[in-house]
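The following features are taken from Swiss-Prot:
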| type | residues | note |
| --- | --- | --- |
| BINDING | G12, R73, F74, G103, D104, G105, S106 | ATP binding site |
| BINDING | D104 | Mg(2+) binding site |
| BINDING | T126, I127, D128, R163, M170, G171, R172, E223, R244, H250, I251, Q252, R253 | substrate binding site |
| ACT_SITE | D128 | active site, proton acceptor |
| BINDING | R155, G186, C187, E188, K212 | ADP binding site |
Amino acid sequence: MIKKIGILTSGGDSPGMNAIIRSVVCTALNHNIEVKGIYNGFLGLYNNDMKLLKYSHVANLLNQGGTILGSSRFLEFKLEKTRKIAIKNIYKRKIDCLIIIGGDGSYKAANFLTNMGVPCIGIPGTIDNDVSGTDYTVGYFTALETVVDAIDKLRDTSASHHRISIIEIMGRYCGDLTLSAAIAGGCEFIVIPEIIYQKELLLLEIQKSIKKGNKHSIVAITEHICDVNKLAKYIQKKTFKETRATILGHIQRGGKPVAYDRILASRMGIYAIQLLLKGYKGQCIGVINNKIVHHNINYALKNMKKIFKKDLLNSIKKIY
């Protein structure tokens with residue numbers, strides 16, 4: 001019988017993490033399960049930095065961005081000796097299970113802990129939408145709205161100055177956020193990790209667009225592919241058109257979660273407690289075809305990688 005659980009947020013924060021925390025805490029307390037909030041991710045687990053969470057701590061979290069528990073990237077957690085110290089703290093606090101909110105890196109840590117005897121449930125919280133075993137992650141749709149709003153504003157000024165704009169979008173090594181934002185924002189050119197980047201080919205496409213009479217355009221590109229400022233200089237030199245690069249950066253992680261993320265966070269938090277009550281462990285939660293599902297974390301990490309939406313990219317190219 002589960003009497004006490006711990007909850008933490010790990011890695012890059014995303015809008016809706018607080019909504020997950022609220023859902024987990026309220027559902028757990030309704031089943032007479034105590035909840036320990038673990039601060040600053042796995043670093044807090046290592047440092048034994050925990051606090052009992054009550055209704056009053058989470059009552060107003062549904063619409064708040066960020067995470068009240070704090071987050072961090074604690075690379076030392078990859079070391080077994082570090083995890084053993086964290087596990088000692090878990091046993092000292094008499095925690096029966098951990099709920100871990102984050103991305104694939106957080107899932108890997110959850111899998112390690114499960115294999116070392118600490119039952120874990122993973123909930124996907126990241127704007128990158130790159131987590132195994134789910135169509136969407138909590139925070140993705142809020143970030144999408146943020147990026148599309150930025151693209152719309154760039155479109156206004158690019159049109160005024162007959163300028164080429166390059167906008168760098170987060171996503172790590174997944175192009176989902178860039179692709180969806182580019183389609184919704186009407187970007188003429190899309191550069192994502194799933195397609196081999198060829199600078200000369202991109203230039204050729206831009207030159208064709210100029211010959212068609214297009215006086216301005218926007219290039220949407222996922223981070224880590226190239227230096228966008230250098231790319232802007234290259235395009236300007238070759239096309240003789242003013243070209244500017246904009247790096248959106250961490251603004252994409254902030255803001256109040258949109259309705260879909262709030263709903264998804266609430267559903268996943270409830271489902272996590274239901275899984276624990278049924279005796280499940282070593283699971284990750286996802287949403288597939290709008291149905292909340294769960295998978296073995298180890299299986300999901302190895303066999304359920306995100307599928308690239310190539311058909312979506314190919315279809316949108318027909319517009320331009």
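One is the number of the first residue shown, and numbering goes on along the chain from there.
Using N, Cα and C of the backbone, Cβ positions are placed for all residues, glycine too.
If you count neighbouring Cβ atoms within 10 Å for each of the binding-site residues R73, R155, R244, R253, the highest count belongs to R253. Each residue in S10, G11, G41, G102, A109, T126 lies on the same chain as G12, R73, F74, G103, D104, G105, S106 and has a C-beta within 8 Å of the C-beta centroid of that ATP site, without being one of the site residues. Nearest to R172 (substrate binding site) in space, judged by Cα atoms and limited to the binding-site residues D104, S106, C187, E188, is D104. The least crowded of the binding-site residues D104, D128, E188, judged by other CB atoms within 10 A of its own CB, is E188. Taking every pair among T126, I127, D128, R163, M170, G171, R172, E223, R244, H250, I251, Q252, R253, the residues recorded as binding substrate, the greatest CA to CA distance is 32 Å. For R172 (substrate binding site), other Cβ atoms within 10 Å of its Cβ number 18. Candidate binding-site residues: G12, G103, D128, R244. Nearest to K212 (ADP binding site) by Cα distance: R244. The Cβ of G186 (ADP binding site) lies under 8 Å from the Cβ of I151, R155, I218, each of which sits 6+ residues away along the same chain. Counted over all residue pairs in G12, R73, F74, G103, D104, G105, S106, the record's binders of ATP, the longest Cα to Cα distance measures 14 angstrom. In the three-state DSSP reading, F74 (ATP binding site) counts as coil. On a Cα basis, G103 (ATP binding site) lies 6 Å away from T126 (substrate binding site). Nothing from the binding-site residues M170, C187, E188, I251 places its Cα within 10 Å of the Cα belonging to G12 (ATP binding site). In this record, ADP is bound by R155, G186, C187, E188, K212; the longest C-alpha to C-alpha distance in that set is 18 Å.
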